[in-house]
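Undergrad: Let me give you the structure first, and then I'll get to my questions.
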Amino acid sequence: MAPWPAPPPPPPPPPSLAAPPPPGVSAKGPPARKLLFMCTLSLSVTYLCYSLLGGSGSLQFPLALQEPPGAAEPPPPSLPPPPVRLGAPSQPPAPRPPPPPDNASRGEPPEPPRQPAAPGADGWGLASGSGGARDAWLRTPLTPGEMVTAQSALLEREVPESSTTDEELAGRRAANGSGNAVSTPDYGEKKLPQALIIGVKKGGTRALLEAIRVHPDVRAVGVEPHFFDRNYEKGLEWYR
Ligand SMILES: Nc1ncnc2c1ncn2[C@@H]1O[C@H](COP(=O)(O)OS(=O)(=O)O)[C@@H](OP(=O)(O)O)[C@H]1O
């Protein structure tokens, strides 16, 4: 009978994954140094990649927050200098000076502050002190000085044509003979009309009267008097 074969010898232990220590180095030293080297290398590569991808500004952001850009200390010599991005300014842009006024940009001397015009000297017939409508118009900041001057001259030329003072009204009444007002205890001062609306029936005279009546200086009768066609015989004393 054949004898049982001898059991196979146990397999040799697998070779260690770690490289055999070089001669002259202890067994625990190389892995620690290698791990430290790998960490340093990975950090360096990470920093390099991050800087190449444009993250240098982000890396310097905390330093920029603490100190002004000009006072930032140079990087230590051990670290590689951050790469300079093409097209990026080497120095941060200087703060913009405040925009000069319009007159300075055109080479004109600065305009002195406006003084409120004397009342009655502006030709508007309105009180032009502080807070007047014309002063508010002149102080509009978006309007150039030339435009304001031109518009003011235009308004001063146009307004006197349409403005009517109390003295002018009194003169017109005296000239028209309508200044003879009659005072009555019931109706107060009664005057002859200064204007008449004459129109045919259904010609829109009522609508015209209502439109004119909106003006604060207009006093009109409530109903159509029909003086000339129905009540002429009653005389001017009735018409007043
Ligand atoms: N702007 C305008 N356009 C067209 N039509 C207008 C306008 N204003 C007044 N009306 C019409 O005019 C009619 C009233 O006119 P009168 O006020 O003259 O009437 S009255 O004669 O004094 O009674 C009256 O018409 P009827 O409603 O048919 O009577 C108003 O509607």
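Counting starts with 1 at the first residue shown.
Including glycine, each Cβ sits where the backbone N, Cα and C put it.
Remember, predicted model here, so these are calculated numbers, not experimental data.
Under the heading region 'Disordered', TrEMBL lists 1-31, 66-138, 157-187. What TrEMBL lists as compositional bias 'Pro residues' is 1-24, 71-102. According to TrEMBL, the compositional bias 'Gly residues' annotation covers 122-132. According to TrEMBL, the compositional bias 'Low complexity' annotation covers 172-181. What TrEMBL lists as active site, for sulfotransferase activity is LYS202. What TrEMBL records for LYS202, GLY203, GLY204, THR205, ARG206 is 3'-phosphoadenylyl sulfate binding site.
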Undergrad: I want to verify one value. Collapsing DSSP to three states, which class is LYS202 (active site, for sulfotransferase activity)?
TA: coil
Undergrad: Beyond the listed site residues LYS202, GLY203, GLY204, THR205, ARG206, identify every same-chain residue whose Cβ lies within 8 Å of the center of their Cβ atoms for the 3'-phosphoadenylyl sulfate site.
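TA: In sequence order, the nearby non-listed residues are GLY199, VAL200, LYS201, ALA207, LEU208.
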Undergrad: Restricting to the same chain and to sequence separations of six or more, state which residues have a Cβ under 8 Å from that of THR205 (3'-phosphoadenylyl sulfate binding site).
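TA: Same-chain residues close to THR205 (3'-phosphoadenylyl sulfate binding site) (Cβ under 8 Å, separated by 6 or more) are ILE197, ILE198, GLY199, GLU224.
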Undergrad: Residues with Cβ closer than 8 Å to the Cβ of GLY203 (3'-phosphoadenylyl sulfate binding site), same chain and 6+ apart in sequence?
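TA: Looking at Cβ-Cβ distances below 8 Å from GLY203 (3'-phosphoadenylyl sulfate binding site), excluding near sequence neighbours, one finds none.
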